[in-house]
Amino acid sequence: MAAKEIAGGSGFVDDGSDGDPCPICLGPMLQDSYLDTCFHKFCFSCIKQWIKVVSSKASKQLSSVKCPLCKTDNFSVIHNYDGCSFERHYIDQNISDGFVLTKEQRYRLRCYYTESDFVADVSDVARFWKLQKFLYPNKWLEAWLRRELQALMQEEDVDIVLFHLVGVMESFCKRIEQRRKQEAKSAEATNQEQFKTLVSEAARPFLMARTDRFVDELELFLAAGMNIEAYDEIYKQRLGWNNRREIGAASEEREAVEEHNVRTRVTPYLFISEEDSD
Amino acid sequence: MQASSRARLFKEYKEVQREKVADPDIQLVCDDTNIFKWTALIKGPSETPYEGGVFQLAFAVPEHYPLQPPQVRFLTKIFHPNVHFKTGEICLDILKNAWSPAWTLQSVCRAIIALMAHPEADSPLNCDSGNLLRSGDVRGFNSMARMYTRLAAMPKKG
């Protein structure tokens, strides 16, 4: 209440702590969550307790619960949302809680809300295409793709999409290889374009609006030529996320270790694609 | 567990202090020594045989409140189909199956006032009262209810 009074009038709305108390505990909303149909908000632990009470009285497994405020039937509680991901707690416990992102997957998803060019000096994209490095297999690619797809699609089983994309990339490389035997040199610019177009086309039905960024991220990862751990390390360092602002809830132990690391914030970095090769 | 119900009751206590002026029909009082025991004084709704009466309710709040409903009964004798004539027990869905943790002691009082104005004769705890209404003897019901209001819920004259 006090918070509301202080913020009152200024039109300031901070999602999650907008001052409305939880209707169950009447206290400030902790770990706010909302029901999937009527969108009424409660503390996650409060509504979970209530669901437990209702379920314990029912003779069989419930699939929905009535909202304590409006009695609308709801099938799940949405919680732990941060603007790019959320978790879903189903009333029917036979439906698993769905796929819950790991800390690493959350970090990748968060990356999609940043500018992408800050690792440009790590991943020398131009050189990657010029030296036709894409023809050499990258043994970390599958693991990297899996995590990326899981984060973007918020699904555990991404095998179909994963193998589809890998297949597209492999057949692309094969074609280039064959062409290379015939011609002396193939223009790296067209290779790059072709590659990105092909992968975009293959990924778009699954990733939709995030496809272009995904292909850029894929290119950056491939061009970096690093394993996932090393790449993540640099990526996070550039983002300044290995410090206090680490994503995910339980990162205290990590923070303790990395506390004394130099804090480097992201500075937008303009990447010039024409490398001075001479 | 008790800690959370205690915290919630304390919130309600503060809210009651604030709202006292807003709802003149309900006066909720918490026991001085036990926050799980409350009493309420409610005014009989106008245009009912309970008009002019003041009825006392006793609340016993369970330790799992608000996940469980409070137990409420009339301390003041009342002639109403959904109130047990001897014990004061109340038959009201929101105090049983239809309970929601979003209800408060204050809103329960409002629900009871609404029940006084709209008796549900088909699920009677007081059969005599229910039977009068079900047989269509509204006049008989009203005069009985009125009599008990005068006897039990109004200050004695003289």
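Each Cβ is built from the backbone N, Cα and C atoms, and glycine gets one as well.
For reference, TrEMBL has these:
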ACT_SITE  B:Cys91  active site, glycyl thioester intermediate
DOMAIN    B:4-154  domain 'UBC core'
Quiz item: Does anything in the same chain, at least 6 positions from B:Cys91 (active site, glycyl thioester intermediate), have a Cβ under 8 Å from its Cβ, and if so what?
Solution: B:Asn82, B:Val83, B:His84, B:Glu120, B:Ser123, B:Pro124, B:Leu125
Exercise. Grab the pLDDT values for the domain 'UBC core' (B:4-154) and give me their mean, rounded.
Key: 93
Self-check item: Secondary structure at the residue listed as 'active site, glycyl thioester intermediate', reduced by DSSP to three states
Solution: coil
